[in-house]
Amino acid sequence: QQVCGAQESRCHHGSCVAQHRFCDGTDDCGDGSDEGVAQCKNFTQCSFDHNLCGWEAAAGPPVWGRNTSLNLGTSYGVPTRDHSNNSRTGVFLLVGSAPTAQASGTAQLSSPTFQATNSCSLVLYCHLHGSATSNLSISYVTNSAKHLMRERTGDLGSCWVRERVDFNVTDPFKVLIEGVAGRGGTVAIDDLILSPGCVKEQEKPVALLPSQADASPCATDEVACDNGDCIAAELACDFADTCTDGSDEKHCGTTAFESGSGGWHDVSVGRLHWGLQKVTESDIFLTVFLCPGTFLALQTGEGQMVGPAKAQSPLLGPSGPACTMEMIYHIQSDPQGFLAISVTDHTTGTTQLAWQTQGRGSTSGGHVRVPLGERSRPFQVELLALVDLQSSASVSVDNVTFEQCCLNMMSPTAAELSCNFERGMCGWYQDLSSDFKWVLSTGQGQGSDHTTGSGYFLSVDPSVPWSHGQRAQLLTSPQEPAAAPRCLSFWYRLAGPQIGTLNLKLWPEGGEEMMLWTRRGTQGHIWHQAWATLPTTGQQRYQVAFEVLRDGFLGDVGLDDITQTVGPCRAELSCSFEAESCGLVASRKGTWQRQSNSTGTTAGPVADHTTGTAAGHYMVVNTGKVSLPAGHTAALTSQPYQLSVSAQCLAFWYQLSAGTPGSLRVFVEQSRVRKKVLSISTMEGSNWHRSHVTIQPDGDWQVVFEAAGTGGDHGYIALDDLHVLDGACPEPASCDFEQDTCGWSSPSDPRLHSFAWGWKSGITLAKYPGPEQDHTLGTRNGHYMHFDTSVLGARGTRALLESPPLPAATDSCLRFWYQTDIPEHLSSGELRVMLQGMAGRRMVWSVAGHRSRGWQGAVVPVQSPSEFQISFEMTTWRWPMEGTVALDDIMYSARVGCHSSPESPVEEKPSGSFGAEVVLSLLLALVIVALVAAGGWYWLKQRGLASRTPTESNSPQGFDNITFRD
């Protein structure tokens, strides 16, 4: 049988329960023996089922009134059942939220007068729900003063919470229970239980003090300053002094706890609660982190539920973008314990985790700075903690401050837009109204940063479990008006099989937002540099914002090394025309213009090339005889490109309308001298086509796109996705993937269950697996295309990698290298080569998923009577299928068939590890053969046959080295 402690009593079935848990209205023993009639005959309990049991409710309004859940209905905030009977018809006392401001205030309930005592205790069950400002207080009143014993503020949830108060009073006294129901909330109590030590006083009754609300000189929607002035309640705790004595900000969470809780109030309902506690110099572990004095600590509570203890600040706000909360903390716990800070926004009804630390099995702590940022009023900060206090664990908090939280206060780093994120966020901050978050990251399987390869960058993963909503925004503080343009350069990464959109926007104060730059869909697991010119803003202040849209869910976005410089940006090396015309200027108005076809009525392509949608943008010129008569031209000229290497590749996508669209001529201009490098006058089909040309200038150069009219009634010429790359252009549809993807594209659409191939190097990434070496260079720094098959599902999901449109072919050849790493027992997938043209799609090559253990070459003859595209398709008919597929060194020979080339890639090129296995195997085989030969020679010699000439034989001598190919 269990041995009970000094402060415990035994239940009928033998277990031990704390003595103060007997006769408290809750069955703690489990067999009801702690609440038996005989056991509790000297306790006085009031369930309010019939009357107030001698308690007196002061006249209101507001007033404590008997009520039931059945009578109150299902309104939010009201108790669903009473505590005594657990019934909708059971009675409890209630203070409802006031229907009018004049009726709000404090409801009072007082006990009879009790004799002076040191053994009187009160247990009651309270229900505070629906409002963050509801309040319940328990005091005792003598003829000289009122003494607060216990107070509850805030929303405790839809449950009955046990409270116990012990009275040690040297004069006759009354117990005073006061309730204030906040807007939209209720305060209820039930089962008031007085211990036998509460003895009524017959001779010296105590006169009850007047209501605190009645004594207040302020209106119900005001609060009183210490000097007697009244201010609007919404001006209290707004991080700015409104009272002349500053008292409106005195109890707003900034505190060292030496003079009280500083406005923090405990709203815990379980076995743990927050309370004030003193630390002394003898507390060795605590003095490492906390100064001697009073602090807020986790303590044993009165409840039974196992859950985190919660302390809330008062209602705060509004706050400015630089707002942070700082504190000193201490935690001693195993890894299951934690201390956290969350923020509840009462406008949106959401709670967000702002900071968390877990136990480490030992004592830890220190100073923490938690960004709160710009928030509207009202919001509350919450301290959450959960440890096992019975195992010597502890949590404490001290020296809480709110820094730079005034709405109009700017951070000292507010103007620092240039940032590599190695030492913080500089002038950037997370928009806390965003649906999901930018995170300061060091990789976590996504890859390294751009600055050092081992430092910090910002990332967004729209697939993390706590993500919701549509956007994550990274903002600057409001910047001073800009009198001159500036250039913002940055490095970004858009990776993943279905990643969404990254935008760069400018928000003028009081004006419409401006899109400066945008990219959508995977750009490979590669850092790319981009530029955007920040325009002048006149007299308007402005903010800059990076925005990730959740129009894709699989992948991640990275941002690093933002730099702001004076003056406009140089010519952009990559332009999709989604945000602007990238500095390309038309020779005269009414010719080239940037547009989309979202209305469906505009003359031009029905969809752009970048997004493949009618909402996408491109540059277009009307070549009809009215707009551009025969013999007339319209030029579109870029900004100067800086010469970086001896040869550069200019690539772009174009579309010519049917009929007589005119011609498109491309010139390279240096020192006002033009040289024609390309001319296009016909186009097969109606799709976007890709063209490229190698430029070999001797200095800075510009490209000029010139449209010439030919007198047709209607027509247009359109351009999209302009790129300038270092190095000569490869042959069409050929690519080693070292510089870019050479026009190969991989569309993804969640609605069509299609996924995009990725572009990466051999550097190992947990989130994006693939070969450790490429085929071109044979190193981890080489690049290739890859796809993680685990994202494929059943019902025909697939991943396509498509070439640009190619002209008809009679005897062409496709060569490429591939590597598959798919377990054979999961090989339900297939890698296919498809040709798509006017006659539809047909498969010309395929291989089932397997472990190839190295790069393998393939040769595919290609024939098509009309224009066509080559596509690599990875598909499966069973899910899941774990594994990866990679492609590299695609070579397309348009005029030479496969039979005439000596460079057909038919042998397997082992990876580093597999090659080592082959070498070791051959060496071992040679050693074994040598040993066998030596042994055989010795045996023959012993038999006297060593000098005999062997009989000739037609059979092969020695052994064959046979390489088995997967």
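Even glycines carry a Cβ here, placed using N, Cα and C.
Of the listed residues Cys16, Cys23, Cys16 is the one TrEMBL pairs with Cys4, by disulfide bond.
A disulfide bond in TrEMBL ties Cys29 to one cysteine from Cys11, Cys40, Cys46, and that cysteine is Cys11. Checking the candidates Cys218, Cys237, Cys243 against TrEMBL, the cysteine paired with Cys225 through a disulfide bond is Cys243.
Reviewing Cys218, Cys252, the cysteine that TrEMBL connects to Cys230 via a disulfide bond turns out to be Cys218. Here the CA atom of Cys230 (disulfide bond) lies 17 Å from the CA atom of Cys252 (disulfide bond). For Cys29 (disulfide bond), the nearest of the disulfide-bonded residues Cys4, Cys230, Cys237 in terms of C-alpha separation is Cys4. Across the structure, Cys218 (disulfide bond) and Cys237 (disulfide bond) are spaced 17 Å apart at their Cα atoms. Cys11 (disulfide bond) sits 10 Å from Cys4 (disulfide bond), counting Cα to Cα. Under the three-state DSSP scheme, Cys237 (disulfide bond) falls in the coil class. The shortest Cα-Cα distance from Cys16 (disulfide bond) to any of the disulfide-bonded residues (Cys225, Cys230, Cys237, Cys243) is found for Cys237. Checking each of the disulfide-bonded residues (Cys4, Cys237, Cys243) against Cys230 (disulfide bond), the C-alpha distance stays within 10 Å for Cys243. In sequence order, Cys225, Asp226, Asn227, Asp229, Ile231 are the residues near Cys243 (disulfide bond), counting only same-chain partners six or more apart with C-beta under 8 A.
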